[in-house]
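Inspection log for the structure reproduced underneath, given as structure tokens.
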Amino acid sequence: MSLQGKVALVTGASRGIGQAIALELGRLGAVVIGTATSASGAEKIAETLKANGVEGAGLVLDVSSDESVAATLEHIQQHLGQPLIVVNNAGITRDNLLVRMKDDEWFDVVNTNLNSLYRLSKAVLRGMTKARWGRIINIGSVVGAMGNAGQTNYAAAKAGLEGFTRALAREVGSRAITVNAVAPGFIDTDMTRELPEAQREALLGQIPLGRLGQAEEIAKVVGFLASDGAAYVTGATVPVNGGMYMS
């Protein structure tokens with residue numbers, strides 16, 4: 001599996017799953033652009049890529065802004081080339097029970113986690129169509145399929161992500177562009193490490209494999225979907241959740 005010569009764009013790449021994806025695509029030979037919402041985050045991405053021998057850059061991108069998406073893509077195209085692999089990973093949470101949820105908690109999550117797919121995917125399709133090759137990979141969540149109390153906004157956005165993935169896959173398949181999603185379960189991150197022991201044990205009790213996933217395990221699936229080995233896979237949502245949810 002080689003991505004040599006391909007330019008890959010990974011949003012939300014300063015830590016966790018996004019960082020692991022950026023490093024995996026770089027390991028496979030891609031030139032990687034990772035984005036963050038702040039200059040310090042973009043600098044961290046650039047340093048991480050360099051430290052791991054990956055060619056690429058860290059850039060500031062607000063996926064909720066049409067202007068930011070347009071400016072960032074123009075910069076990438078001018079300096080690094082057309083991104084033919086795009087990983088929509090950036091996302092936020094604003095958890096609350098629906099009865100208490102404020103409008104901005106709903107709309108911020110939907111705008112960042114779902115509307116951003118529309119903005120970024122639409123913006124890169126022309127270049128992929130011209131190249132007659134492309135990979136769009138959307139990072140969803142097990143919550144999009146099974147739901148989670150206090151996360152109606154997040155669950156709705158992630159469920160929408162899966163529908164978007166399937167519909168777009170049907171639109172662009174004839175151009176050798178594949179569109180897939182990866183739906184992680186609970187992953188070992190700073191947030192899950194801070195859970196109280198009792199809560200952590202209860203969580204592990206729901207997972208047949210009896211452990212949290214690693215960000216690198218998500219990244220390996222993304223690396224496969226980005227490769228020519230997955231050229232006949234499109235419109236799929238790949239669950240990586242340790243068996244927590246089976247469909």
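From the backbone N, Cα and C atoms, a Cβ is placed for every residue, glycine too.
Database features, via Swiss-Prot:
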type	residues	note
ACT_SITE	TYR154	active site, proton acceptor
BINDING	GLY12, ALA13, SER14, ARG15, THR37, ASP62, VAL63, ASN89, TYR154, ALA155, ALA156, ALA157, LYS158, ILE187	NADP(+) binding site
BINDING	SER141	substrate binding site
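Feature map: annotations from Swiss-Prot on the structure.
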{"residue": "GLY12", "record": "NADP(+) binding site", "DSSP (3 states)": "coil"}
{"residue": "THR37", "record": "NADP(+) binding site", "DSSP (3 states)": "coil"}
{"residue": "VAL63", "record": "NADP(+) binding site", "DSSP (3 states)": "coil"}
{"residue": "SER141", "record": "substrate binding site", "DSSP (3 states)": "coil"}
{"residue": "TYR154", "record": "active site, proton acceptor", "DSSP (3 states)": "helix"}
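Within 10 Å of the residue listed as 'active site, proton acceptor', counting C-alpha to C-alpha distances, fall none of the binding-site residues GLY12, THR37, VAL63. The residue listed as 'substrate binding site' has its Cα within 10 Å of the Cα of these binding-site residues: LYS158, taken from SER14, VAL63, LYS158. When the Cα positions of GLY12, ALA13, SER14, ARG15, THR37, ASP62, VAL63, ASN89, TYR154, ALA155, ALA156, ALA157, LYS158, ILE187 are compared pair by pair, the longest gap among these NADP(+)-binding residues is 25 Å. Sequence-distant neighbours of ALA156 (NADP(+) binding site) (same chain, six or more apart, CB under 8 Å from its CB) are VAL110, LEU114, listed in sequence order.
With a 10 A radius on its CB, LYS158 (NADP(+) binding site) counts 26 other CB atoms from all the protein chains. Annotation for GLY12 (NADP(+) binding site): same-chain Cβ neighbours under 8 Å, separated by at least 6 residues, are GLY18, THR35, ALA36, VAL63, ASN89, ALA90, GLY91.
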